2 protein chains.
Amino acid sequence: MSTEAAFITALRALATSSAARQLADDAAVLEIGGTRLVLTMDSIVEGVHFLSADPPETVAWKLVATNVSDLAAKGAVPRGCLLSYALSTADEWNAAFLRGLRLACETYSIPLLGGDTVRQPNGSARSFSLVALGEPAAGVEVPSRGGACVGDELWVTGSLGDAGLGLGILRGEHKAQSADRDTLVSRYRTPMPDVSLGVALAPLVHAMMDVSDGVLIDAGRLAAASGLAAVVELDRLPLSDEYMSSLGCTLTSCLFAATAGDDYCLLFAAPPRIRDDLIAAAKEQAQKLHCIGRITEGEGLVLLFDGQIIPPPARLGYEH
Amino acid sequence: MSTEAAFITALRALATSSAARQLADDAAVLEIGGTRLVLTMDSIVEGVHFLSADPPETVAWKLVATNVSDLAAKGAVPRGCLLSYALSTADEWNAAFLRGLRLACETYSIPLLGGDTVRQPNGSARSFSLVALGEPAAGVEVPSRGGACVGDELWVTGSLGDAGLGLGILRGEHKAQSADRDTLVSRYRTPMPDVSLGVALAPLVHAMMDVSDGVLIDAGRLAAASGLAAVVELDRLPLSDEYMSSLGCTLTSCLFAATAGDDYCLLFAAPPRIRDDLIAAAKEQAQKLHCIGRITEGEGLVLLFDGQIIPPPARLGYEH
């Protein structure tokens, strides 16, 4: 067992409160007063979750957006956040981070409530944590990852792979036309979770989560949490024009999009009979849905491309 | 203005929600679902807030205890926490941290609800964040730092300086008899905030906070938040037997105790007429209170020792 897997197993043994959802969901759900509070905490570390050369405005944006993405996946409206900030003496960097923080907090209507500012010793990678609190709509069950049923269809709410390709471009591993380059890089640096869409879908779905580590690894997690298997049709993954003009829509391209991570769209399972309701709910939010597979008996992932079974790649996504 | 002061000023301009208490309190107070939630987030960084050689069990304990101390200062009962954990490959270190985390969470009845596990690049200082949520008693106002009135007495709930001396011993800057050494070091490594005492005092006090950075700097903050001045009588600071047998109770010793920080007891202001109620409330929790000064018109700190005014030291406490 890897160090992280062993650590998380040990941590789960500690997190026995039902509110913790066995640390197997995007967020905790705490009943308090007459309501429920959705709680999530994501950290980002320089050199791991963002590049040293990323503009600090976008680092702040990403920190807020990744947490808001977890709230959206639970159908929760943001109510507040707390920030732990590793302060360096780079005044301009700090000021730029704050500009990005302000923009993200205003965009997602998530007030900054508090936090902590700490010094880091010289030479340490910058490290920031954010906790976001959200409130689900009254009477609506907060969807977990584990509610999918046999026969459910699997859907995603946005194009996949753009952020991964953007990161590849920044690392010099991929190329794109200059018009596409900016779009793809911004998909990596400034993900745009859609809270309203999550809130609209929450009452309809059987299971929901956000796609943060790659749709294959995340679909596998959703299926595993539901005690079932997932079939993903790689040729049905939504790819953007910018993505396709750089990488095409071959099997290799689809596998890259399915495993790259950082998409921050929603992945959910719902029965085929409510397909029209789902599409209508998304349309009201000016969004499109993309059916990419289904839930079946069994366990693990089955990948299809052009109707053929494809062996799963060694790496299903980003493990951290 | 220092980098940190400038940063926090800019952060305050962003935190306009009343729940944020202008980032000038120990915690945020969010009204939600017919109740109020007290929210605090403290981070600890290796080499800044703990020593590399500190046992990992005690690092975890301190992380939980410093957050619980903030809840206690707001009279809030712990309801849950979320952890951001910087995972290294030091499996035994990780396992020991988890043992300390379990002990602290059980001791303070604070369930672990979620969080995040992140990798840090090699060479980075270990860095951990915790968010704690607490709920105040129904109908009791959550005490702020800013409610003190002219004529209030200033009280602390525990001995001061032990933790600072313990740190000094670990750093080789101070010495103590071996019987005292362990006690003083444990006051540094495993602070023991008292939630029940905070809950008992909250309905009675005008203002309350925890002493984390040194009683002088913290009394100055309480007075400033109240728009008033504080008089601290250094010869009335409670010093433990272990502390006095090492450092005595001279002016130098009292100044060290007043500025060392890491005490994690409570500091509060209350009118003299309720003195008996305060002492009775503490006695019910098997605790003693120590009156160390009073609140007056004006601004800043006035220090007395043996009835004489003492010029304030250049360093009033730990600024971070």
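Each position is counted from 1, following the chain as shown.
In case you wondered, yes, glycine gets a Cβ from its N, Cα and C as well.
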Which residue of A:T9, A:T16, A:T40, A:T58 does TrEMBL report at the same Mg(2+) 4 site as A:D26, A:D70?
A:T40
Work through the binding-site residues one by one (A:T40, A:D42, A:G115, A:R145) and name whichever has its CA nearest to the CA of A:D262 (substrate binding site).
A:D42
Here the binding-site residues are A:D70, A:D210, A:D213; which one has the lowest number of other Cβ atoms no more than 10 Å from its Cβ?
A:D213
Filtering the binding-site residues A:D26, A:T40, A:D116, A:D213 for a C-beta under 8 angstroms from chain B leaves A:T40, A:D116
Between A:S212 (ATP binding site) and A:D42 (Mg(2+) 1 binding site), what is the CA-CA distance rounded to a whole number of Å?
11
If you draw a 10 Å sphere around the Cβ of A:R145 (ATP binding site), how many other Cβ atoms fall inside it, taking every protein chain shown into account?
23
Candidates A:T40, A:G115, A:R145, namely the binding-site residues, that fall within 10 Å of A:D26 (Mg(2+) 3 binding site) by Cα distance:
A:T40, A:R145
Per DSSP, three-state class assigned to A:T40 (Mg(2+) 4 binding site):
strand
